[in-house]
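Student: Heads up, here are the entries from TrEMBL:
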{"type": "DOMAIN", "residues": "1-254", "note": "domain 'G-protein coupled receptors family 1 profile'"}
{"type": "TRANSMEM", "residues": "17-40", "note": "transmembrane segment"}
{"type": "TRANSMEM", "residues": "60-79", "note": "transmembrane segment"}
{"type": "TRANSMEM", "residues": "100-122", "note": "transmembrane segment"}
{"type": "TRANSMEM", "residues": "142-167", "note": "transmembrane segment"}
{"type": "TRANSMEM", "residues": "198-217", "note": "transmembrane segment"}
{"type": "TRANSMEM", "residues": "233-256", "note": "transmembrane segment"}
Amino acid sequence: CTVIFTRVATKDLHKPISILFCNLAFSDLFTSFSGFWISMLFITNPDITIFGSKDMLAPYALYTMSILSTIYNLVSIGIERYLAVAKSMRTRFRVARSHSVAAVFINWVLAFFLGCLPLMGWNCLHTEKNVSVLYSPFCVDYLIFIGIPNVVVAFIIPLFTYLRIIIILRKRKLRMKACGQATGTYKSAEIQVARTSIFIWLLALISYAPFFAGAIFDATNYRCHVDLYPGVYIFRNCTAMLITMNCLGNPIIYTLKVKTLGTKLKALKCLPTNHVRACTI
């Protein structure tokens, strides 16, 4: 909520990256809200969160939708940063506000459709076959269908975009160094991007890898709920806590650190006119 209020209060909300940051905060807010909803159900009636119930479909669907929206927003931010750096010199491409709004719309439509599939009938309420032991009444095949592709998207695309940004910054720094020009700003930007990308990877790994491991466990497990209680359900609750920690970490990485990077990159505008084309980011 603090991130959302801050972004709304600032004058640069019209910027494409600010729209993506604000939408990421909304996704994190929904993730936290749905996690709190599930926690209250666990406190008031623990059995339905273990053995499954129709009452769990809506909170689990909202939880899934908000997690997917967060992943898609993180990917969109990485792509926007890559386009802003890689395309500016050659084609003078600018990510417009309409592009960010379209990305936000597509992210939410895709997350809403995939997250609401159990509400549309893809669940195991009336059958004990293929039912998830961790997230009943979800089906195991639904968790695999949701988990594997989105884990790949969450790790592969940000890896490509941020590595490409670092490579581009390094190449331009070497070109300027060969011409005898100052490269301090590029070096600072390169270090900042590298540090931020490492934080992104570690946060995503710590937050989503246990959840993915739980989905794999679901697919390979053939024991009933009672045999797995309580150890496996403590693990499930810990995975939910880690995902919530991701929601707390995103504002620190994307909202606070971006100001430092932006300040360093603005220094490029002060270079002489004949160096603008070589230094534009």
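Going from the start of the chain as shown, residues are counted 1 onward.
Using N, Cα and C of the backbone, Cβ positions are placed for all residues, glycine too.
Computed from a predicted structure; not experimentally measured.
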Student: Counting CB pairs under 8 Å, which listed stretch among 17-40, 60-79, 100-122, 142-167, 233-256 touches the transmembrane segment (198-217) the most?
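Tutor: Going through each listed stretch, the top one turns out to be 233-256.
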Student: Per-residue pLDDT averaged over the domain 'G-protein coupled receptors family 1 profile' (1-254) comes to what?
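Tutor: Mean pLDDT, the domain 'G-protein coupled receptors family 1 profile' (1-254): 79.
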